[in-house]
Every structure is written in structure tokens, then in C-alpha cells.
């Protein structure tokens with residue numbers, strides 16, 4: 001509340017973290033016992049003996065998790081959260097919420113199921129619950145159904161009606177009302193003793209005394225602590241991002257890391273296990289209408305009052321009521337499935353990111369699901385770079401002046417991807433990706449396909465004069481000019497192989513007597529070309545500041561009357577002279593049009 005930037009995240013116990021902490025506790029105690037048994041007898045009576053209590057290991061684990069989270073913020077590792085795309089966050093959060101929902105089903109039905117662990121444990125738990133459905137406590141199930149109906153009618157019917165009549169948004173605490181009603185009903189009807197309804201049970205009042213964690217156990221906790229810290233941060237930041245986007249306010253990921261770390265370190269002085277953002281609590285908090293973390297202050301004060309004074313009054317509260325509140329709060333989380341209808345037509349890659357994040361989190365586990373989600377999201381970036389969108393822009397139909405060519409560019413059908421018309425003399429090729437080693441072969445293959453088209457056409461320069469408006473020259477003169485314009489506006493950067501590809505393409509086009517112009521190349525890429533000596537091969541005049549300038553060059557009278565043989569044979573022969581000329585110019589310049 002004091003250190004974080006999220007206004008809604010409720011930090012405390014979380015079922016997944018509790019499960020991971022329990023498994024880690026067993027491993028750590030086994031490692032301590034194994035290490036102690038290998039020590040001499042006079043050294044095995046240390047505080048790291050196998051007799052160490054589980055709660056002492058838990059506090060040491062909590063302390064280590066806090067240090068890991070604080071160091072992540074201190075070292076500015078918040079950049080890792082940039083890999084949490086909105087689709088990955090939504091899918092991962094929905095998958096983690098599925099774990100929470102399944103964890104509440106046995107409480108709703110009033111049955112007991114054995115604990116399960118490991119990848120795919122969720123399916124084993126669902127199987128155990130399904131196998132024990134005949135053992136369902138009918139009284140518990142009725143209480144759960146009545147509680148769910150009460151919350152649904154209150155939130156979906158009564159609240160909208162009241163808000164409409166009053167013209168104000170009034171928040172009614174249905175969850176608190178349900179807890180009070182359930183507690184009173186359980187107490188006066190003796191539901192626990194007569195109908196075996198599970199209740200909260202005995203709550204010992206008072207706070208435990210603070211105690212310094214066993215620092216000597218930290219070395220055993222490091223591996224598990226890093227994993228738990230990563231999951232806790234992922235759940236917290238994912239949920240914080242989702243709610244911040246929904247409520248339209250900013251969050252600071254680094255500050256959230258520091259806040260969680262400070263919280264873990266502070267709580268490790270008490271007998272607790274690692275904390276995290278509870279998805280159910282956070283959603284309930286949001287659904288209750290809270291706007292700031294002041295709600296956490298009241299929740300904390302209420303919990304403190306319960307621990308110190310009110311504990312005995314909540315002992316009759318049925319556990320199924322708490323489970324019902326969580327399940328009803330989760331309804332809106334699962335509405336994120338509706339995103340798929342929007343994602344599929346707009347971006348199938350983002351749709352698959354959502355699905356992979358959800359399926360991996362549900363089918364494997366939370367930690368493994370997070371890792372798989374991040375790896376898959378990164379792979380989609382690699383795949384999209386390796387197989388970028390590239391297209392041939394349809395040929396120009398009006399070329400009488402600069403203004404007419406500009407109009408033609410604006411009317412280009414950029415959605416077309418197959419516009420090979422052997423009756424034209426010009427190809428405008430657009431490569432919509434950085435030019436890197438992963439896609440350089442596709443770039444060269446596409447350009448070579450155009451070269452082949454020009455080579456093997458019976459008359460590649462044959463034009464329909466009726467469709468063109470030339471102000472100078474004749475169609476016979478145009479037959480001497482074959483040109484490829486490469487639209488570089490989407491090429492944000494290039495690597496060494498990309499630079500070599502540019503040189504190769506220029507050389508191949510020169511050998512085929514095809515003119516090549518590079519349009520709209522950004523200054524950084526052009527600077528790389530200069531520094532790596534590419535401009536020693538390609539004349540600087542072949543780089544134009546815009547596609548319109550390139551079209552003006554192609555359709556200028558000079559282009560119509562000048563043979564490409566002379567242009568390109570002299571370009572390679574005079575490369576040394578061009579290098580000396582450009583070397584004398586120490587400043588940077590952007591590509592310029594041919595005068």
C-alpha cells in the first residue's frame with residue numbers, strides 16, 4: 001500500500017505460491033537433513049539440523065524471496081516485464097485463475113481430496129473431485145448455491161437498478177453481507193455439528209512475537225526462492241497491468257518489485273510463508289468498488305481486529321461461503337475469453353500467444369506456464385522477422401508530373417501481394433521488416449524473382465501507351481529502362497548480412513542492366529551503409545528520401561533517354577573515386593534525390 005503503484009492489487013496469501021512454498025519447504029528440509037547427516041557428530045547439532053521446524057524454513061524462504069524481489073527492482077530488471085504483452089498477461093492470468101477456481105471446488109462441494117503436485121496436477125485434482133462427487137455434502141452445496149445466487153442477483157440486478165434510480169454509482173458490500181448472514185445461520189443452526197459443514201474453526205487471538213529468520217538456511221533456499229519470486233512477480237505485475245489498463249492509470253514495474261521485496265522481508269520476521277497478489281482477493285477488491293489502496297488499509301485493520309479480538313465471532317463462518325465469494329469474483333476474469341473473437345481476425349499471432357499462455361499455465365503449472373508463454377511470445381517475434389510481410393506494389397498509371405506520381409502512390413493497393421504484370425517496366429518492392437540474417441534470403445529471393453521476370457519476359461518493357469501519359473520521349477525510349485524501387489521505409493535496422501545482401505542485389509541488378517533505387521531509407525540505416533563501405537559500390541544518388549522522389553527519377557526525361565548500360569558500368573568502375581569523395585565528407589547526410 002505504501003510502496004507500490006497499483007491501486008487494486010491485494011498482497012497476501014496465494015494458493016499457487018502456498019503450494020510451491022510447501023514443496024520447497026520439503027525439499028529444503030530434506031537437503032538440510034542430508035547435509036547434517038554427512039557432518040561429524042559434533043557439528044550436526046547446529047541450527048541447520050534435520051529437527052528444524054517447517055515454519056522456520058518457511059520464514060527463511062520468505063526472507064530469501066524478498067531479497068530476490070528487491071534485488072530485481074534494485075538492478076532495474078523491470079525490463080523483463082516488457083515481454084509480458086497484453087495477450088500473454090491475459091492468457092496467463094486466466095490460466096492462473098483456473099488454478100484458483102479448481103482449488104475452491106472441493107470447498108463448494110464439501111468434500112476432501114488428496115493434495116496433488118507436479119506438472120499437470122490440475123487434471124489429477126479435477127479427477128479426484130469428480131470421483132468424489134457422490135460424497136458431496138448437500139448442505140454445503142445448498143449454501144454455496146444460495147450464496148452464488150445472492151451475489152449474482154445483487155450485482156447483476158439490484159445494483160444496476162439502484163444505480164439507475166438514484167443516478168449515482170452506489171457500491172453495496174454484498175460479500176460482507178453474505179459473510180454475516182452465513183455466519184449467523186451457521187451459528188444458530190449448528191451447521192457444523194448437525195450437517196458436518198466445514199467452517200473456519202478455532203482462531204487463536206493475538207499476534208506472534210517477531211523473530212529474526214535463520215540466515216544460515218538462506219543458502220538452501222536460493223534456487224526455490226528465485227522461482228517463487230519470479231512467479232509472484234509475474235502474477236502481481238500481470239494482474240497490476242490488467243487492472244491498470246482497465247481503470248486507466250499507470251504503474252511502475254520497478255517500484256512494484258521493490259514494494260513486494262520490502263513486504264516479503266518485513267513479513268519474514270513473523271511465522272508466515274511467501275506472499276503474493278491473491279487473484280481472488282484482488283478481483284473481489286475491485287468488484288467491491290475500491291479505487292485506491294486505502295481499501296487495503298481498512299482490510300488490514302479489519303484483519304488485525306479479527307486476529308486480536310473478532311476471531312471467535314468468525315469461527316462459525318462456512319468455508320464454502322468464502323469459496324463462493326471467490327468463484328463469483330472470478331467470473332469477469334474468464335470473460336477475457338471473449339478477446340479471442342477480436343484477436344483472431346485482427347492478429348492470429350496474438351491469438352495464439354493468448355491460447356498458448358492459457359493452455360500452458362493450465363496444463364502444466366503456473367511457473368512452467370509462465371516460462372513457456374514468454375518463450376513462445378519471443379519466438380513469434382523471431383518468426384515474424386524471419387518471414388516478414390513483403391509485397392510488390394501495383395504499377396503506376398499516371399506519370400505526367402510530380403503531383404500526378406504522388407497521387408498514384410497514394411492510390412496504391414498495398415493490400416495486394418501478387419501483382420506480377422509482365423507488361424510493366426517498373427517494380428516497387430516493399431520489405432516490411434528489419435533486414436537481418438534470419439530473413440535476408442527471403443529478401444534476396446524476392447528481388448531475384450523480379451530480375452528473372454525482367455530477363456525472361458518476351459518484351460518486359462512493353463507498355464500500353466494508351467494507359468500512360470508521357471510528357472517526353474516515346475515508348476521505344478522507355479524500353480531501354482528497367483527499374484526496381486525498393487521501399488525501405490519499414491526497414492528499421494540492418495545487420496552485416498543485410499548490408500551484404502544490399503550489395504549483392506545491386507551487383508546482380510547491374511549485371512542484368514536493371515536500375516535499382518532505394519526509397520525512404522532512414523538515416524541510421526543509411527549511416528550503416530556508409531560506414532560499412534556499401535556506398536563504395538552503390539552510388540549515393542540511388543538513395544532517395546521518399547517513394548515519390550524515386551518515381552520522379554524514373555519518369556524524368558533523363559531516365560527515358562539514358563541507357564542503363566552506361567549508368568551501371570560506370571558506377572562500379574568509379575567506386576574508388578566515389579569513396580574518396582565521400583571520405584572527404586566527415587558529416588552525416590540523409591539520402592538525397594538525383595538532381
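Each residue's number is its place along the chain shown, starting with 1.
Using the three backbone atoms N, Cα and C, a Cβ is placed for every residue, glycine included.
Given the ranges 78-101, 102-125, 174-197, 390-413, the record in TrEMBL names 174-197 as transmembrane segment.
As stated in TrEMBL, the feature transmembrane segment covers range 297-330 out of the listed 297-330, 433-466.
Per TrEMBL, the range carrying the annotation transmembrane segment out of 49-69, 133-153, 469-489 is 133-153. Packing against the transmembrane segment (351-383) from elsewhere in the chain are residues 16, 20, 83-85, 87-88, 90-92, 94-96, 98-99, 118-123, 227, 230-231, 234-235, 339-340, 343-344, 438: each is 6 or more residues past its ends and has a CB under 8 Å from a CB in it.
Beyond the ends of the transmembrane segment (297-330), by six or more residues, the same chain brings 1, 10, 97, 100-101, 104-105, 107-108, 110, 140-141, 143-144, 147-148, 151-152, 155, 175, 178-179, 182-183, 186-187, 191-192, 197-207, 279-280, 283-285, 287 to within a C-beta distance below 8 angstroms of the stretch. Tertiary proximity for the transmembrane segment (174-197) is limited to same-chain residues at least six positions away from its ends with a CB under 8 Å from its CB atoms, namely 110, 137, 139-140, 143, 147, 150-151, 154-155, 284, 288, 313-314, 316-318, 320-322, 324-325.
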